[in-house]
Amino acid sequence: MAAEAKEIWSAPITPRTASVMGTPVVASPPVSCPPSQLHSPSLTRSPLLHSENGDAQRPKTKTPKTPRTPRTPLRLSNLTPRFITPLGSPVRKALRFTKLDPQDAWLPITESRNGNKYYAAFHTLSSGIGTQALVLPVALTVLGWTWGIISLTLAFIWQLYTLWLLVNLHESVEQGVRYCRYLQLCGATFGEKLGKLLALFPILYLSAGTCTTLIIIGGSTARTFYEVVCGDSCTAKPMTTVEWYLVFTCAAVVLSQLPNLNSIAGISLIGAVTAVGYCTSIWITSVAQGALDGVNYDPIKAGSSVETAFSVLNALGIVAYAFRGHNLILEIQSTMPSSEKHPSHVPMWKGVKVSYALIAACLFPLTIGGYWAYGQLIPSNGGMLTALYQFHSHDVSKFVLGMTSFFVVVNALCSFQIYGMPAFDDMESQYTTRMKKPCPWWLRALIRVFFGFMCFFIGVAVPFLSQLAGLIGGVALPVTFAYPCFMWLKTKKPKKYSAMWGLNWFLGTLGVCLSVVLVISSLYVIIDTGVNVSFFNPQ
């Protein structure tokens with residue numbers, strides 16, 4: 001700041017003409033001030049500073065005064081403390097804007113704030129695309145070509161809009177606050193009690209529940225990878241599914257020892273590359289093999305109109321489930337430095353645009369190509385990945401099958417880290433709030449080991465969790481599609497009956513209604529069609 005200080009000329013406290021009775025005017029030395037104060041609304045009212053246009057009223061005559069002793073130049077270190085700067089000054093706003101909660105420096109999400117748009121793109125892509133995309137063609141078996149593609153397109157545009165809202169809600173210049181966590185923004189907008197009631201369960205599920213699902217999918221796919229690589233000639237005794245879950249969990253827990261969100265940027269890059277890799281590999285292989293014999297594209301009809309309606313709503317829940325990751329956007333943005341001159345939403349939005357362009361380039365070909373290749377024959381459990389092994393295990397080379405399986409396992413390991421970070425942050429905050437000091441390294445390690453093996457236990461106890469895509473999509477839908485609209489209305493207060501006001505009210509209300517209807521319809525479909533329930537018996 002001192003090096004950037006600009007020089008302006010001070011004037012005597014009492015204005016006077018350039019020369020009176022021949023008395024020379026003593027030039028005052030320059031006074032330093034912060035650059036932002038040059039444009040302060042209160043600048044022209046300061047008795048120490050000339051206004052730019054020289055409009056200060058000067059008396060025509062004045063009794064000469066003895067020249068004052070020249071003042072020494074004042075530097076930033078000698079000035080009055082900046083918190084006394086007039087309230088309208090950008091310096092005051094900047095100071096408030098960059099003021100952080102001391103505990104933020106102790107927690108894994110906000111411990112490091114040297115992120116950039118590249119890190120944001122890596123994290124967003126790794127969290128925004130994953131194994132949930134593999135079941136999108138299952139939704140088209142109920143919705144059909146036209147309504148399936150329309151639903152996927154509208155959902156993509158809708159969630160991209162709410163993503164833009166969250167990116168711009170992260171910083172509040174008026175209040176000088178950065179909302180570094182989704183739950184924190186909900187609490188500030190709706191109140192602590194209502195915010196927790198609305199968002200706590202969906203956010204906890206999107207963290208711990210997603211990590212549990214990743215253990216189930218990662219462990220099962222690791223077993224498939226072993227079988228593909230080992231082949232029929234392998235004589236080693238294969239491990240059980242639970243043992244594969246345990247191997248995956250141990251690898252995930254080891255990676256989770258990285259200290260903070262910025263430190264796993266390289267992990268997120270690997271996760272993003274492998275996600276794009278297996279999505280592209282699966283749909284290209286399926287399309288290259290051609291459509292199956294006897295493939296049918298007619299939407300599946302249930303027995304009655306009520307059952308058909310519930311099936312359609314369950315399919316919409318599968319589409320909604322494909323767009324997860326909004327609960328991590330504020331956390332990702334909080335890893336960036338921010339100031340009034342260089343707000344973090346600018347690089348964050350650049351990273352988001354690149355990552356979601358790649359996500360669209362994966363999701364749409366995967367959905368359209370997968371449904372074209374398999375039609376109604378696509379398995380509801382596992383989607384595209386299961387279909388690839390079920391229909392093309394003898395037509396496709398082992399290298400392609402093994403590489404696809406390997407990419408799925410690596411992506412699940414990498415996604416585990418970013419989805420587990422909010423849970424690590426929350427558990428560590430319980431300690432720092434009570435003890436008023438950061439977690440020691442051994443406690444941090446124990447917290448992450450405990451979380452990993454808790455998810456492992458849930459995965460073994462409820463191994464059919466990955467089959468509940470429609471229900472999960474309905475529960476998590478408000479976090480992605482509804483709450484950001486209401487938070488924008490409450491925080492930004494757009495003009496009543498304006499386009500922005502109407503759009504957010506419409507989308508927010510529609511999102512909440514859809515969530516309720518999707519949860520009810522998904523429960524009906526699960527009860528009616530049945531799920532392979534096998535507690536403590538993973539297959």
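Every residue gets a Cβ built from N, Cα and C, even glycine.
Per TrEMBL, region 'Disordered' is recorded for 28-75. Under the heading compositional bias 'Low complexity', TrEMBL lists 66-75. Under the heading transmembrane segment, TrEMBL lists 118-139, 145-167, 197-222, 242-258, 265-284, 304-323, 354-374, 399-420, 441-462, 468-489, 501-527. Taken from TrEMBL, the feature domain 'Amino acid transporter transmembrane' applies to 118-527.
Between the transmembrane segment (304-323) and the transmembrane segment (197-222), fewer than three CB pairs separated by 6 or more residues in sequence fall under 8 Å, so the two stretches do not touch.
With a cut-off of 8 Å on Cβ pairs spaced 6 or more residues apart, the transmembrane segment (399-420) and the transmembrane segment (265-284) reach 3 or more such pairs and are scored as touching.
Proximity of distant same-chain residues to the transmembrane segment (197-222), defined by a Cβ-Cβ separation under 8 Å and at least 6 residues beyond the stretch ends, is recorded for 130-131, 182-183, 186, 190, 241, 244-249, 252, 324, 327, 385, 405, 408-409, 412-413, 415-416, 419-420, 422-423, 451-452, 454-456, 458-459, 462-463, 465-466, 472, 475-476, 478-479, 483, 538.
Same-chain residues lying 6 or more positions outside the transmembrane segment (242-258) and placing a CB less than 8 Å from one of its CB atoms are 211, 214-216, 218-220, 222-223, 226, 264, 267, 409, 412-414, 416-417, 420, 424, 445, 448-449, 451-453, 455-456, 459-460, 538. Of the two recorded stretches, the transmembrane segment (468-489) does not lie close to the transmembrane segment (265-284), with fewer than three CB pairs under 8 Å once pairs fewer than 6 apart in sequence are set aside.
Beyond the transmembrane segment (441-462), the same-chain residues lying 6 or more positions past its ends with a Cβ under 8 Å from any Cβ of the stretch are 108, 208, 211-213, 215-216, 219, 242, 245-246, 249, 252-253, 256-257, 259, 420, 423-424, 427-428, 431, 535-536, 538.
Distant neighbours of the transmembrane segment (118-139): 148, 151-152, 213-214, 217, 261-262, 265, 267-269, 271-272, 275-276, 279, 282, 315-316, 318-319, 321-325, 328-329, 332-333, 335-336, 347-348, 350-352, 354-356, 358-359, 362-363, 366-367, 370-371, 374, 378-380, 382-385, 408, 411-412, 414-415, 418-419, 469; these residues of the same chain sit at least 6 beyond its ends, with a Cβ under 8 Å from one of its Cβ atoms.
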